[in-house]
Amino acid sequence: MESLTLQPISKIDGQINLPGSKSVSNRALLLAALASGKTTLTNLLDSDDIRHMLNALKALGVDYKLSEDKTVCEVNGLGQAFKSTTEALELFLGNAGTAMRPLAAALCLGEGEFILTGEPRMKERPIGHLVTALKAAGADVEYLENENYPPLKIKGTGLKGGNVDIDGSISSQFLTAFLMAAPLSSQETTINIVGDLVSKPYIDITLDIMATFGVVIENKEYKTFVVPANQSYIAPGEFLVEGDASSASYFLAAAAIKGGSVKVTGIGKKSIQGDVQFADALAAMGAEIEWGDDYVIAHKGELNAIDMDFNHIPDAAMTIATTALFAKGTTSIRNVYNWRVKETDRLAAMATELRKVGAEVEEGEDYITITPPAMLRHATIDTYDDHRMAMCFSLVALSDTPVTINDPGCTSKTFPDYFDKLKELSV
C-alpha cells in the first residue's frame, strides 16, 4: 500500500481557492439532468464521487459536455424522468452516498429496470429508511443481497405521493433523496420526519438548490415537508457550485494551529453549506476568524478544548477531533452517532488512530472525547478508505512530529490534490 510521510510543518500561511462542494455538485448535476433546458455548472468538483454521478447520468442518456479540467459541465436536461430500454441497466456508484441515495429515489420516477450497486463499503451503508419511504409512495424497489442495504433493483413505476414517514435519525441523505424526487410525483406528498433529523444544514442545501431549479416546497420546522405534485425542474442557465466547506475545515484548522493566517475563498457569510459553521467551532476554541461574503480567514490562536454538540456538522466535526490534539484540556464531540455509518465507522476509526499518536480517548456510542498528550508520537495512520481520515490526520504534522498516512490517494473521493494544496501553504 502506498503511504506518505509528512515532515513537521513549522508554519501555515497563504490563500486557497476551494474546489467545488461535493454535496452541491451531485445535487445540482441530478437536478440539471431532470430539468428542461441547459444548465452550465461552474466550479464543479472533480473527484471520484462526482465521476460516479456523471457516469450514471451518461448511462441514463443524459447529454453533457465536461471541460478539460472537469470543473465546468454543460448539461442538456431531459425535461422528464429517466428511462431505460436496457433490461436491468446496472449503475456502479462506488462509495458515493450523494449519488446512491438521490438516484435510488429519482429512478423510481421513470420507466425501465435499474440496478444500483457499488464498492463493498457501499453495501454496508444503510439505505432501508429511504427504501421504506419510497415503497410507501408506490415505488417498486427490492434488495438484491442484504435487507436494508444496496445493491438495489428498481422498477420505474412513478411515485404516487401521499403521506410518507421518513426516519431522520441516521442520515439526512434519505430525506434529501426523497425531497428531490417528490415534486415529480403524481399527487401531493406530505413527508413526516420520524425521530430527530440529523445534519439539518444539508437539508437546507437541498431545498436551496431545488428552489434554484424552480421547485416549490413547504418546510414546516423540519418536522413536515409538503411537496406539490406534477412540478417540473427548470434549468437556471448558469449554476455556480460553492467551494466545499468541509474541505475548508482542514486549512482553517491548520491556520488556527500553526498560522500565520489562511484565507479560503469560495465560502463565506452567504454560503448555503452548514459546514461553514466549523469556523465558529474554531473560534470557540480560541482561533481568530474573519468573515467575508465569499471568504473566511483564520489566524493562529491559543486553542482550548471545547465540549460541543456537532450533530449539525458531522463531517467538519472530524477536523475538530485532530485539532483537539493542539488544544489545552479535554475536547468532547457529542451527538455524532451517524459517524458510524459514513465511509467507515468514523468513531471507531478516529479513536483507534488518535490513540496511536498518544492521545487519551474515550469512545462512546455517539460521542468521542480527546485529551492530547504532552508530545505527539510519530505513527502510521490507517485511513480505512475514508478521505476525511487522511485529511484530518495530516494536521498531526503541524507538531514537532512527522506523521505517515497510509493510502493518501483515498482523498480522491472529494479532494484529489489535497496534499499538494497543504504543501503550498506550508512555509
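Along the chain as shown, residues are numbered 1 onward.
Yeah, the Cβs are placed from backbone N, Cα and C, and that goes for glycine too.
From a predicted model like this one, the values you see are computed outputs, not experimental measurements.
Within its own chain, K22 (phosphoenolpyruvate binding site) has L45, S47, D49, I50, T98, D244, S246, T414 as residues 6 or more apart in sequence whose C-beta sits under 8 angstroms from its own. The phosphoenolpyruvate binding site annotation in Swiss-Prot covers K22, G97, R125, Q173, R346, R388, K413.
Residues or ranges marked as 3-phosphoshikimate binding site by Swiss-Prot on the basis of sequence analysis: K22, S23, R27, S171, S172, Q173, S199, D315, N338, K342. DSSP assigns R27 (3-phosphoshikimate binding site) to a helix in the three-state reduction.
Annotated active site, proton acceptor per Swiss-Prot: D315, in sequence order. Taking the Cβ of D315 (active site, proton acceptor) as reference, residues of its chain lying under 8 Å away and at least six apart in sequence are, in sequence order, S246, D275, K342, R388. DSSP classifies D315 (active site, proton acceptor) as helix under the three-state reduction.
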* Would you mind sorting out which of R125, Q173, R346, K413 (the binding-site residues) have a C-alpha within 10 A of the one on S199 (3-phosphoshikimate binding site)? => Q173
* For K413 (phosphoenolpyruvate binding site) and R27 (3-phosphoshikimate binding site), determine the Cα separation and express it in whole Å. => 16
* To do: Identify, in sequence order, the residues in the chain of R125 (phosphoenolpyruvate binding site) that are 6 or more apart from it along the sequence and have a CB within less than 8 Å of its CB; answer 'none' if there are none.
  => N95, G97, M100, Y149, P150, V341, K342
* Candidate nearest R346 (phosphoenolpyruvate binding site) in space, where candidates are the binding-site residues R27, S172, N338 and distance is Cα-Cα -> N338
